[in-house]
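Enquirer: Encoded as structure tokens, here's the structure I'll be asking about.
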Number of protein chains: 2
Amino acid sequence: MFEDKNPELTPISKLGEFGLIKHLTEFFPLSNESSEVGVGDDAAVVNPGNRKVVLTTDVLAEGVHFNLGYVPLKHLGYKAVVVNLSDIAAMNATPTQILVSIAVSNRFPVEALEEIYSGIQAACGRYKVDLIGGDTTSSNSGLVMSITAVGIEKEENIVRRNGAKPNDLLVVTGDLGGAYMGLQILEREHTVFLANPNMQPEMEGFDYILERQLKPEARTDVKGILEQLDIKPTSMIDISDGLASEILHLSDQSNVGFRLYEEKIPMDNLTITTADDFNLNPVMAALSGGEDYELLFTISSNDFDKIKNHPDFTIIGHAVEKEDGNFMVARGSNQLVALTAQGWDAFLGNQKED
Amino acid sequence: MFEDKNPELTPISKLGEFGLIKHLTEFFPLSNESSEVGVGDDAAVVNPGNRKVVLTTDVLAEGVHFNLGYVPLKHLGYKAVVVNLSDIAAMNATPTQILVSIAVSNRFPVEALEEIYSGIQAACGRYKVDLIGGDTTSSNSGLVMSITAVGIEKEENIVRRNGAKPNDLLVVTGDLGGAYMGLQILEREHTVFLANPNMQPEMEGFDYILERQLKPEARTDVKGILEQLDIKPTSMIDISDGLASEILHLSDQSNVGFRLYEEKIPMDNLTITTADDFNLNPVMAALSGGEDYELLFTISSNDFDKIKNHPDFTIIGHAVEKEDGNFMVARGSNQLVALTAQGWDAFLGNQKED
């Protein structure tokens, strides 16, 4: 797809490493007060004032995390930023800066990198984070993006995974399973396209779940909403690998168990009908699909009245004693189904139950 | 070399992503007071007190930055950390934490990643930095490492590339060109080995330059030495791409020109004799070879007496007005040779003059 057969495309070697970085980052002005030195020195300088610095890093690798056959490069750049900002949001912190490293084979022209950076720029604008550093290098094959996100936050606001207590309520933002069903649509249409390149992909009507997959958003808004509700979560994590896997992480680190109520899991209608079309159980898409980038957190049961009718949040269960284990209470019965980490694993591929 | 033909080696898929990260990072205790949360939550938390945070990131890609045919994995892990710490040192800041991302194909067994991490651990111990985060994922081919280094420093200590003034002295630490000549030895012996795997490589007597290439050190000690001498550099950069390229960066950002004296460039005898063996000009190895990870900086000429006899430093030139350009004054003559950025470029390969 990106073989340099078009003589109007610019080979990366024409700009060289320094020229390339300068070219790609020139439209990234620093806008946060805390960003003192950006791209162009040996290192960037951030001034956190008297606050804490929150740091996370995520790699996306071609053929593992994305398929350039159906993921537009601009979306890839956007998503690569978002998945990192989601981790900062999951600490209840405010993202402020990113550093972007890209290893890319010479089959990519400069224009392909420009597309990726236009997506990065869109995310920086949307989330008000500054690009302050990075590295761009060639690789022997494929595209690997590694982004480090920085957040700055007052100590008292930071929420870890380890503070849940028995009887705390388990709460999730938004709806789940959509990103996974969007991926199924993309993979189906890509398979059809490979078999017959004249076929038009049938994407119509799937906008919401395609966007959940291709252009997810980080729930950086949740921190402000919770502050307004006067709620500080006792533990928090983002949903990158699937609800079940994230519940087990909170369980592990908070030393509690959980009860999850199947009937409470929030799902969009399109997720449910698409899952039906694929003969998949939509609950499995929510439990194990991953990539929803919603936030999962626990709050004291004393906060129940503050949150119970809020449209952004769904109470899906509660914490129990560690020895009571992690179980989903099946819809319409009291049957307990053990929660297992069947989430997405880059080394195993998508091991889904259906 | 790392094909998983040995039944005693452990495939990465056996541990899975979370198990792998846990396994690889379990022997990395946090030792810096500023490291509040390390590996295991959505993000790490660093407490810089009232100081600034310095951040840098560098990618190393197999086949571009290293050849696993002759670079031991432990050395690779060590060097990947060091090249980032060198960037922190070049801001006159103290490195405190790192985040490590690795994309690796399934042809690498767990034991290969353990080797890389043992090198990372050795560097963390040597430089007293904490591993606080990272991501490990599979890739379609090859090994790509991306490390982000964090430093914490008082604002008044930080030195950028943009403060050199005409008449400032140009100073370099250590000696130059050794890493490049070490690479020549490794490549020659690797070629011999590929032609005849029974040949023993002739590495004896080349220890110093091999170590400069395989196990470079970051000059994090320079900050303390300069403090003892009561010198604050006016600009600073580390030598990753070659002396000429770095001088041009200081020139560009400080808006001055430079005169570099060929006869002053510090080189080890082994670098010179090895260059002679390869029919290379050793000065070109210093100017364009790169990977020496020494520091290049400017100081006020008023500080001349403080530094002139110090064994760690060599005064190699001085800054001039911008319009007077960047030239090397040739040995034994007053001939001016224009300095050009023939340094190492990941997109061009090693374009050396000889």
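Including glycine, each Cβ sits where the backbone N, Cα and C put it.
Where the annotation comes from TrEMBL, it is an automatic prediction and has not been curated.
Note that this is a predicted model, so its numbers are computed, not measured.
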Enquirer: Besides A:Asp42, A:Asp87, which of A:Asp221, A:Asp230, A:Asp238 does TrEMBL list for that Mg(2+) 3 site?
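Expert: So the Mg(2+) 3 site in TrEMBL includes A:Asp42, A:Asp87 plus, from the candidates A:Asp221, A:Asp230, A:Asp238, A:Asp238.
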Enquirer: Considering the ATP binding residues A:Gly134, A:Asp135, A:Arg161, A:Ser240 given in TrEMBL, which of A:Tyr117, A:Tyr127 is annotated for that site as well?
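Expert: Within the candidate list, TrEMBL flags A:Tyr117.
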Enquirer: Quick check for you: of the binding-site residues A:Thr56, A:Thr57, A:Tyr117, A:Arg161, A:Ser240, which have their Cα within 10 Å of the Cα of A:Glu291 (substrate binding site)?
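Expert: Near A:Glu291 (substrate binding site) by Cα: A:Ser240.
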Enquirer: Measuring Cα to Cα, how far is A:Asp87 (Mg(2+) 3 binding site) from A:Thr57 (Mg(2+) 1 binding site) in Å?
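Expert: If we compare the Cα positions of A:Asp87 (Mg(2+) 3 binding site) and A:Thr57 (Mg(2+) 1 binding site), the gap is 9 Å.
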Enquirer: Among the binding-site residues A:His65, A:Asp87, A:Ser240, say which ones reach under 8 Å of chain B by Cβ distance, listed as they appear in sequence.
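Expert: It is A:His65, A:Asp87, listed by sequence.
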Enquirer: Could you pull the average pLDDT for the domain 'PurM-like N-terminal' (A:40-152)?
Expert: 93
Enquirer: Distance check, please: Cα of A:Asp238 (Mg(2+) 3 binding site) against Cα of A:Arg161 (ATP binding site), rounded to an integer number of angstrom.
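Expert: Checking the Cα atoms of A:Asp238 (Mg(2+) 3 binding site) and A:Arg161 (ATP binding site) gives a distance of 10 Å.
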Enquirer: Please report the distance from the Cα of A:Asp58 (Mg(2+) 1 binding site) to the Cα of A:His65 (substrate binding site), rounded to the nearest angstrom.
Expert: 11
Enquirer: What's the CA to CA span in angstrom from A:Thr57 (Mg(2+) 1 binding site) over to A:Tyr117 (ATP binding site)?
Expert: 18
Enquirer: Could you break down the residues of the domain 'PurM-like N-terminal' (A:40-152) into DSSP helix, strand and coil, giving a count for each?
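Expert: Secondary-structure breakdown of the domain 'PurM-like N-terminal' (A:40-152): 35 helix, 47 strand, 31 coil.
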